[in-house]
């Protein structure tokens, strides 16, 4: 099968790490086999390396390594092509064998096929992919907004005046801060809109945006708190599925073109707008009030135990569903002004890849040549809050690496809460304090240093034990084989 021409698409829920790691791995393996390949990445920065119709037509096979749904337009692009479809996380694990027997793995794709996150059969998986599509869209709002708020605070600390509109001509710092808070204000409706459009496509976008905005406007609803992320999730999913089935309604030829552009947005906005104003908005606002009250009054012992659990979950599967669940909980509190839980993400997410990379220099005998070669990349990428570079190390030695990461992550989570570290928004990892996103800066660096030291120590101790145990098992197996052979010879 020499000289194959292959095209591929990679994406992942957040669109930050897996998307590009898998694309690079696919390209590297294809080149080593003498294949021609072009990979389109659908990441947080948008579609890059876009596949043209001519390139798709000329391809022998299409590989779809997906972590979230692709659009209807994408589905039509690959009609009648031989498609190999798998989860993006599985593609990374199977990169050495992914090109084996492409003919046997491929299925001829028709436009009606509904491509989801891999070939999963678990409904909750597809729901998570819709949620992460919303989170991915909301990230630029909270990152941009958070950076502007941080810059405004830094300028005030350096002596620039802060005057709001109520007290005279607004100062430059107030203007910058106000623009930044717009990002926090709109990230909720944007998230709800993209969750809905991930399910029901474009007709679901506008109604979900407007209704989610309404649910988060406590002044208009007359409630103490808006629905926040709870509203984005509930309304995004509800509107998305409502529109998905609404689109199946068959009208006459004259009215059918109006279904997506007029009827669906109008009916959906009317139904869910009224429902949200009178029922869903006040109920979800009350639930958010209760949760915020609980978080603000929780006993210290319970809060530290919860912080350990969150930290352990973040470090456990490095970008997997357990990690995403903990991350989503912490992220969902940002628009309510609760920043200490998201600080756990800012500390723990750095640790597994950085600890794995540093460990290769401290105890090189415990790692393969390939793992040592990837160490610097793991440290650099890991230091900017992409946990996924730790995955290859965990796959090679699951028990010691995952155990070390989980225990140290849990303890770092407790210390983060204990010392009052706060993080305003997603940023650039170890540089967050320098741009005002993480404070107090000294506690952040001390907690991170302690967490890394503990993580590295546990990796070295547990992996040394694990390798010795593995070698002992192999030795015992060889001795058993030799003994059996002698008996047979007698």
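Glycine is treated like the rest: Cβ placed from N, Cα and C.
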Query raised in the report: Ranges 258-280, 373-395: which does TrEMBL label transmembrane segment?
Result: 258-280
Query raised in the report: If you check TrEMBL, which stretch out of 178-197, 198-217 is marked transmembrane segment?
Result: 178-197
Query - Range among 227-246, 467-486 that TrEMBL annotates as transmembrane segment - result: 227-246
Report summary line: Here the mean pLDDT of the domain 'PTS EIIB type-2' (6-104) is 85
**Report entry** Counts by DSSP class (helix H/G/I, strand E/B, coil) across the domain 'PTS EIIB type-2' (6-104)
**Finding:** 37 helix, 28 strand, 34 coil
Query raised in the report: Looking at the stretches 258-280, 300-320, 402-421, which one shares the most CB pairs under 8 Å with the transmembrane segment (341-362)?
Result: 402-421
Query - Ranked first among 178-197, 227-246, 258-280, 402-421 for CB pairs under 8 angstroms with the transmembrane segment (300-320) - result: 402-421
Report task. May I ask which of the stretches 178-197, 258-280, 402-421 has the most CB pairs under 8 A with the transmembrane segment (227-246)? Result -> 178-197
